[in-house]
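Down below is the structure, laid out as C-alpha cells.
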Amino acid sequence: MATKLIKHGSKAREQMLEGIDVLADAVKVTLGPKGRNVLIEQSFGSPKITKDGVTVAKSIELKDKIRNAGAQLLKSAATKAAEVAGDGTTTATVLARALAREGNKLVAAGYNPMDLKRGMDLAVNAVVEEIKKSSKKINSQEEIAQVGTISSNGDKEIGEKIAKAMEEVGKEGVITVEEAKNFSFDVEVVKGMMFDRGYLSPYFVTNSEKMVAELENPFILLFEKKLSNLQPMLPILEAVVQSQRPLLIIAEDVEGEALATLVVNRLRGGLKVAAVKAPGFGDRRKAMMEDIAILTKGELITEDLGMKLENVSIKSLGTAKRVTVSKENTVIVDGSGDKKNIEDRVLQIKSQIAETTSDYDKEKLQERLAKLSGGVAVLKVGGATEVEVKERKDRVEDALAATRAAVEEGVVAGGGVTLLHASQTLTKLKVENKDQQAGIEIVIEALKDPLKQIIENAGENGGVVVGKLLEHNDKNYGFNAQDMQYVDMIKAGIIDPAKVVRTALQDAASVASLIITTETLIVDEPSDKEDAMPPMRGGMGGMGGMDF
C-alpha cells in the first residue's frame, strides 16, 4: 500500500485553492462572446482548439497531488454542469472558484465553516427560486435560434441550423451531430430511432472523451431472451468477425459469461461490439424489438417462431448506417428497413391508437409511433481543416444541449445579468447568526464574477460595468459585450437557458461547500521511483483474433 501524505487546516485548503486557480485561470478566458480559444496538446494528431470550458477543464491534470485534488474538485463542477444542462461549464468554474476562495478567507479568519455553508445554501436556494420566477418559456423558431447562437459564441448559422433541425423533428426529436466530408454545414433528416437503454458495460465505449460506443455500418442482432452463454452464437459471431463490421446486440439482458466474453473480445480487438438491453417491458418490449427489426431489415430471434440462435445466419441480422450508444441511450441512424414495411407498421400502430381505451397504452403507442416515423435530424458540420471542423462540432454540440435546456425550463437574461440582479434579493434573507450572514455575503459577491469575467474578456473594466448595472432596477438591463453597449438583454436576444444558469450555480456551490468544510486532506505521497512496467510498444501482434 502506498504511503500517504496528510495535510490539515488552512494549509491544505490553500494548496487546494492553488490548484483551483490554475484550472479556473485556464477556463475563464473562454467566457463570453469575446472569450479566447485554448489550444490543447493531444497524445496523437493535431492539437485541439476549443472555447468549451469543460473540454479545457478535462484536459488539466497537475503534478502536485494536493493542488491536483483542488483542480479535480473544480473540474467536477464543470463536468456536472455539462452532464445536466449541457452548457454553463465556464460559469460554474468561475463561480466555484469565487465561492471557495472567499469562503476559505473567512474560515481562516475564525468563522464556522458549517454555518458559512448553511448561509451559502440559503442564498443559493433563494437565487434558484429567483431564476425560476424570471424564466420565460420559448416557443418561436427565432428564440430557439437565439439560444443556439449565444451558446455557440455568436455563430448565427449554428443557431439557425439547430432551430431548423428542431422544426423538422420536433423539440423532443432526436438530433445528432457529425462531421461532414466537405466545407458545408447542413441539416439532414434520416430514418432513425432512439430508445432509453445504454451499454451494459463501459468497456464497449469506443470514444472515451464522450463515453459513447460509435458503431459505423453495424450488424444488429435482436434476441428476445436473456443471453448468458455465447456458445449457441459462435457461428454468427464468427461470420460477423469475417465481415469486419461491428455488431450491436439487443436482448432482454446479456449477463455473466456472455457479457464477460464480449468485453474480452472487444478489448482484444477481435470483435467491435456493444450490447444493450431491449427497451420496454413484457409484451411492449417484444413490440418495440419488432419495430427495430422492421427499421433495420432484421429479424427478431424469438422462440415463439421456433427460431434458435445456433441456426441464425447473417441474413437475419439488421443493419444501419450508424449506431451511437451512450450510458443511457441508443440511437440507430438510417436503418436499412424497407420504406413500405415501415409505413405499414406505422399504419398498424395508428390503428391500435384509435382502438385503445387506455390513456397509458395510447401514450406508449404514440411514443413508438414517434420513434418509427419521426426520424433523426443530423447536423453535418464541415470546414477547411480537421482542427476547424472539430472545434466547430464541439460548439454545435454545446449549442444543441443549451437549446434543449432552454426548451425545457425557459430562458433568462444572459451575459451574467440574471445572477447579478438576483444577488440584490439576498439582502432580505433572515439568518440565525453572523456566520450564516457571512455565507450569504460570499454568494452576493461571487454572483458578480461571471459578468465581470465576460466584460474583462472583452477588454473593459468589469467592476465599473457591474456598478453601473446595479444602479438600475430593470432585471433585464445588461451589457452587450459583443457591441460594447448597455441594452435590454431579452430584447437584444442575449438570453441564457434558465436550466444552465441554475445548474452552474448549484454545482459551483456544492463544490465550494466541500472545499471550505474540508479540514484534512489525504493523498498518495509522491514517489521518486520510475514505473516498474516498461512502456508498451506499437504493433502488438496476435491481438486481432477471437477468444470465445
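Glycine is treated like the rest: Cβ placed from N, Cα and C.
As annotated in Swiss-Prot, region 'Disordered' covers the listed stretch 527-548 rather than the other ranges in 153-174, 351-372, 527-548. Among K11, K51, K434, only K51 appears in Swiss-Prot as part of the ATP site alongside T30, L31, G32, P33, D87, G88, T89, T90, T91, G415, D496. According to DSSP, G415 (ATP binding site) sits in a coil region rather than a helix or strand. The Cβ of G32 (ATP binding site) has 26 other Cβ atoms within 10 Å, all protein chains considered. When the record's ATP-binding residues T30, L31, G32, P33, K51, D87, G88, T89, T90, T91, G415, D496 are compared pairwise by CA position, the greatest distance found is 17 Å.
Using a 10 Å radius centred on the Cβ of T90 (ATP binding site) and all shown protein chains, the other Cβ atoms total 28.
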